[in-house]
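See structure below.
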Amino acid sequence: MEAGGASSRELVSEDAEVRASPQMYSAVGMAMVGAAMFGFDQGNFGDVQAFKSFRDEWCIGRFGDAESCGDQGYLTNGNWNENFITWGATLITFGAAAGAILAGPPLANKLGRRPCIQVGGAVCFLGCILASYASFHSVVIFFIGRFITGFGVGVSCFALPMYNAEVSTSSIRGATGSLFQLNVVVGCFISIIVTFVDQDWYVCMMLPGFAGAVLAIGGFFIPESPRFVMEKTIHREGTEAAMNAGMRYLTRLRSGDARPEAGEILEQVKEERDIEHVSFTGLFRERNLRKRVLIACTLVICQQTTGVNAFLGYASAIFKECGIQDPIVFNSLFNGVMIFGCVAGLLLVDSKYGGRRSQLLIATVLMGPPLVLAGLALQYGLPGIITMVCVIIYGVGFQFAWGTIPWIYPAEIFTMAEKEAAVSLAVGVNYLANAAIIYITPLLMNAFFVFTFIKETKGVHLEHIPELFRSERQRRALLRAEQRAAESAASSPAAQA
């Protein structure tokens, strides 16, 4: 080993005698309802946009007529898709980025992790009200509601990874951190089941708000982060008071003697006491910190460029254009199966068989080939079941690692002085990348449609144009049939005579 270096094994704290208490699991579980807020919206809007009642409310008379807003017409209605659906899908992610960057850091640092999570839930509830029952048939109010909904999600999701990392024991921190993505997936699945059973768009648009209300109220029953309590107390009342204050919260989260762990936390807080919190510009001044910031931001960008939120945000349109007859039913299957991938990743991430790096590499191998095969199946008109199976394999691979680890990793690699700005930046970049993917998806879908289905007819005789639209398999079958017919005609008695 090099001088001054340390292996990952040596940096793992030994806290085998201190175990997580039931209240710690309750605290993490309640906080992770914030992840379900985002999951509810990711799942519900992809289906709600296909509801007849929703299209009757927002499309007819504004972005088209009864035909262009109908069951088939809305898929190719550019005015509706580009000027309403795209903005309805992206405004929530722009709002989430704004909440994570502008409001999350001061709330989490001044008031605490728990109040930050609660405020986000309350703001999300308000946004959902404006995007449903209090929209008053106004597109502007609907869009404002979508932005505010995302703003609340961003505020909560800024504090959630920090809260989880600070209340969990090190031995299970990764697994409990994976609960974030698990709750996103479960939220998506529940929202899709609800939209399948109840196609009242008002109720379905309120789903993230219901989760926000639970989070805002339930937050009163979970403890604050002991690390945050120590950090604030030591400035006002000194070391001994900070130790006692931290112990009051830590003993609620641990089974066993929590004093050694409290001592470690206090020592780190003391070391960081006179260090000013790093600003956004300060994140790029020191080489080691700059490297960790770029890793965190690149990781979340890679998470979004896998394209999973394109599937979630435009589920009905994408699956229908893939030839799936009932896209809502398939979307339910798609999200249900993804839960198994997320659970598998959660169980392995802190075991000797898994890990952050190894699971990301395995997931990448699982996701790439099925997407390529699905694209080829669509291009060459292969049976739709091939596309469906490939998309499901891709979804499982995503949730196995890329869905979970980018939420865990940034909260682990920064000190308290760095964490506020660094995690805020990583979460904000995540949502901005999400917005970019959702925005460009319709453009890519149009390009894919043109590339796949529009054939060049310039210079082609009219009688030959229909042949352009046959698949390669159909053309080969037709050619074989013509050859057999020619051979049969050549061997007939009339031809021989």
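Residue numbering: from 1, along the chain as shown.
Cβ atoms here come from the backbone N, Cα and C positions, even for glycine.
Lifted from TrEMBL, the feature list:
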- 27-475: domain 'Major facilitator superfamily (MFS) profile' (DOMAIN)
- 84-104: transmembrane segment (TRANSMEM)
- 116-134: transmembrane segment (TRANSMEM)
- 140-163: transmembrane segment (TRANSMEM)
- 175-194: transmembrane segment (TRANSMEM)
- 200-222: transmembrane segment (TRANSMEM)
- 328-348: transmembrane segment (TRANSMEM)
- 360-379: transmembrane segment (TRANSMEM)
- 385-409: transmembrane segment (TRANSMEM)
- 421-454: transmembrane segment (TRANSMEM)
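Of the two recorded stretches, the transmembrane segment (175-194) does not lie close to the transmembrane segment (360-379), with fewer than three CB pairs under 8 Å once pairs fewer than 6 apart in sequence are set aside.
Only residues 6 or more beyond the boundaries of the transmembrane segment (140-163), in the same chain, are considered here, and those with a CB under 8 A from a CB of the stretch are 31-32, 34-35, 37-38, 41, 58, 87-88, 91-101, 103-105, 107-108, 113-114, 116-117, 119-132, 134, 177, 180, 208-209, 212, 215, 225, 407-408, 410-411, 419, 423-424, 427-428, 431. Long-range contacts of the transmembrane segment (328-348) within the same chain, counting only residues at least 6 positions beyond its ends with a Cβ under 8 Å from a Cβ of the stretch, are 43, 46-47, 50, 175, 178-179, 181-182, 185-186, 188-189, 192-193, 195-196, 311, 315-316, 319, 354-355, 359, 363, 388, 391-392, 395-401, 403-405. For the transmembrane segment (200-222), same-chain residues at least 6 beyond its ends with a Cβ under 8 Å from one of its own Cβ atoms are 26-27, 30-31, 33-34, 36-38, 40-41, 44-45, 47-48, 51, 53-54, 57, 114-115, 117-129, 131-133, 149, 152-153, 156, 187, 190-191, 194. This prediction places the mean pLDDT of the domain 'Major facilitator superfamily (MFS) profile' (27-475) at 85.
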